[in-house]
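Notes for the one structure printed next.
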Amino acid sequence: MSFEWLNPLLIATALLLAVIGAVRRVKLWRAGQPDQIDLVAGLMAMPGRYLHDLHDIVERDKYMSKTHAATGGGFVLSALLIMLVHLLGIDSQLLAWALLASLTLMFVGALFVFKRRLNPPSRISKGPWMRLPKSLLAFAGGFFVLTLPAAGVLSDGFMAQTSGVLLTLVLTALIIWGMGELFFGMTWGGPMKHAFAGALHLAFHRRQERFGGGRSTGLKPVDLSLATEVGGVLGVAKPTDFKWNQLLGFDACVQCGKCEAVCPAFAAGQPLNPKKLIQDMVVGLAGGSDAKYAGSPYPGKEVGHAQGGPDQIITQGLLDPETLWSCTTCRACVEECPMMIEHVDAIVDMRRFLTMEKGSTPNKGAEVLDNIIATDNPNGYAPASRTHWAADQNLPLMKEVREAEVLFWVSDGAFDMRSQRILRAFVKLLKAAKVDFAVLGDEELDSGDVARRLGDDATFQNLAKRNLAVLSQYKFSTIVTTDPHAFHCLRNEYNDFGSDALEGVEVFHHTTFLNSLVQQGRLQLDPFVGGKVTYHDPCYLGRYNGEYEAPRELLRSMGIEVAEMERSGFRSRCCGGGGGAPVTDIPGERRIADMRMEDANETGAELIAVGCQQCTAMLEGVVEPRPQVKDIAEILVGQLVDPTAKGLAKEVH
Amino acid sequence: MQPNSLQLENLKIVTLVSVGKHPQSGRVRRADQDSRAVELGLTLAAQNPDGLMVLHAGDPAEPGLRSYAGMGLAAINVLQLDPAADAVAPLGEQLQQSGADIVLTGVRAESGEGSGMLPYQLAEKLGWPIVSRVADIVSVNEGVAEVLQALPRGQRRALKVRLPFIASIDTAAPAARQSAFGPAQRAAMTVTVVEAETDTVRQSWDEAVARKRPKRLKVIKAKTAAERFKAATAKSQSEGGRIMKKEAPEEQAQAIVDLLIEEGVLR
Ligand code: SF4
Ligand code: SF4
């Protein structure tokens, strides 16, 4: 007996079902909001993005990148060749041999996937994902044997005659299983969905600027006019309020848990797990419950009770708002995600709904926002007291000088005694280097960072516009600030409001600016002799703005060899102070700042150099004994060779 | 039971709101006490959202009103009148017409006159009782409300008052919920244009920013921590005062005038 007609039929069926599934899946994504994306250009660019952008991230894990290249590459090639050889029945030994080769490649890759899954780390999901390597092996193995006759290794009649029905049945079972997982499962929601959704996600990513080594970290502004539109809603209430390509992005998740492994809130036992969050979004967009989720839960929350649907309010049944408020917006997850999924965008989108529609920002959130609205600073201090810290500093005011080379953006650190020490140190350095600078004084307002991260985009936009209006009155070529959060807003988020106040203006973090002063020889420094120093990368300077080198170079210029923490640079662990997290203060089992201090302690450092007043506050909040915490500006001031002081010293002796 | 037995579920509550002023920045905002009055109104009307009406006399375009709306109000009723007009008469009429059972206000406004007289004037005009400095309205039964009045140092006095009445809300009342941008933008301003007499007395006044009242220096005699703690928490024992209950009103008034002269307030 012969089943020759069976295999093409099976393949055709599987492919047809895959196409139906694909159409269905696309419909689910298209239920989201429109976004302006050049579809054709995206599709054209997709293979390149896969090979470079995505692969660069996967490459951080050499084992996985090789495994994936073999398995994925082998599969794509095999699938194409299977269609030619087995579906269309093209009789070519060359094609058959090529297919055998690609199947072998896939098989070997699948063996490595299998090996990794023998003792999987806790971050990766189990469940159907444990089946995947076996399905891959079944697919590759089944088709391999099936292809042998076409390659001329076995005679055509071999199957039918020698081993008869049994082998045919086994082979058929294998390819049904394999194709079920790899063709059907790809579009009907199995683990292989990541290949289909992932490829399209790369093509239609909401932040196209990220590809080709670019960086795109500024949050997108909310269209506030939606507030008064019929049926309009601010932020994301239901899955369908996301942009369609955000939904597509969620679907691309491979549940590798790389994000979970780096999330400070997860490690602190707060009820957030970025992987679960993305999976819950998938539950939301497709409808159903999280009962099938087979990864780590939100700490302290049992899996299986979340219910959602495309048109159901997410925070009513699918997600606990506490999950959203636990995030420090540190972007560690986004940085690690091999699928380039944008967790922070999604989290802030949902916070926007909670704050701007529900008025339910937790804990001190409402008070802080009220203060920002009424006094332009989060603590409700009198706006006219913003420059009190500098009463003895004799700072040139922009209102008076109207023009300066450098505008020093002071930030709300002006109101905080600890931060004032950093500001003073920086001013001293500016003066020592004879920089032509001025400040806005009381005309400066809160940058809007906290308001925006807390979901109050209305207040952020209001502050941004008013700040821009002030800035547009004066002439300067550079803005420098000691606050990475203000830095990020000014540099990446103020450009969306149609103002030309920052056109041609360079925005610098003070470490970058000071480093250039030192390189130009405008600051003379004594070598530092004070024991071991480690450096903590602020999220908003590092991951948000890619500045890892300047602070380190500055430290080197004082002869400091930074004793790096295990997690540093783009992998730096958040101090816990971002995203309004200290304001919303969601309880966990540990404090993020304590964990960061442990990282620092492991280096044996006596001093932690930082570049952010928020990090300073968080790290200094850790109980002693612990290393000292100093902003780089403060360390520099200590080593500053002051020509006038030297002169004095000589006179004395 | 009568059809309208004046239980909480079918009460008509009116909260009067004014335009607040932030103490540090002087910026327009929802007034602290008034927004607590709205909060209390929302809590009382939780079962019956139509039972709460938020009423303002002034300019419907005033942005400060939006921050009350952001607490989740579908509409704010505004009696639009001339800025120089006296709001008492039209407010009184509106309250009478609306069939209000409970009227909530702040103790005093944060801007404008800020005399704290409005609730009293309204009570006088309507002939209703007024309870000042209310921290909470606990229950309403058979037309009688049980009210907690705020006294200094966190103390409370329970009072029973027959409906309808006016309550001025103290800062001891539960804090106002967050004001959200979306609902604030969406709320309707239901405007009624009213004519009212010009407040001629006020016209002759100059407005100035209020200064903090000077505080009498307190000589702390406490020697130990326990004594200091007691001094800080114990109910102040008024010394040298007189409780006048039975005396004739003229005599009582005279005693007040005498005290004011003695303290140098009146000369
Ligand atoms: S979101 Fe990204 S990093 Fe996290 S599990 Fe999914 S694919 Fe992995
Ligand atoms: S941004 Fe940071 S805190 Fe938020 S989910 Fe990602 S890793 Fe966790």
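Glycine residues also receive a Cβ, built from the backbone N, Cα and C atoms like all the rest.
Note: TrEMBL annotation is automatic and uncurated.
Copied over from TrEMBL:
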DOMAIN    A:244-274  domain '4Fe-4S ferredoxin-type'
DOMAIN    A:315-346  domain '4Fe-4S ferredoxin-type'
TRANSMEM  A:6-23  transmembrane segment
TRANSMEM  A:69-88  transmembrane segment
TRANSMEM  A:94-114  transmembrane segment
TRANSMEM  A:135-154  transmembrane segment
TRANSMEM  A:166-184  transmembrane segment
Positions on the same chain near the transmembrane segment (A:94-114), where near means CB under 8 A and six or more residues out: 63, 66-75, 77-78, 81-82, 84-85, 132-134, 136-137, 139-141, 143-144, 147-148, 150-152
Tertiary contacts of the transmembrane segment (A:166-184) (same chain, 6+ residues out, Cβ under 8 Å): 3, 6-7, 10-11, 14-15, 17-18, 21, 75, 79, 131-132, 135-136, 138-143, 145-146, 159-160, 190-192
The domain '4Fe-4S ferredoxin-type' (A:315-346): DSSP-derived helix, strand, coil residue counts: 14 helix, 0 strand, 18 coil
Within the predicted model, mean pLDDT of the domain '4Fe-4S ferredoxin-type' (A:315-346): 96
Counts by DSSP class (helix H/G/I, strand E/B, coil) across the domain '4Fe-4S ferredoxin-type' (A:244-274): 18 helix, 0 strand, 13 coil
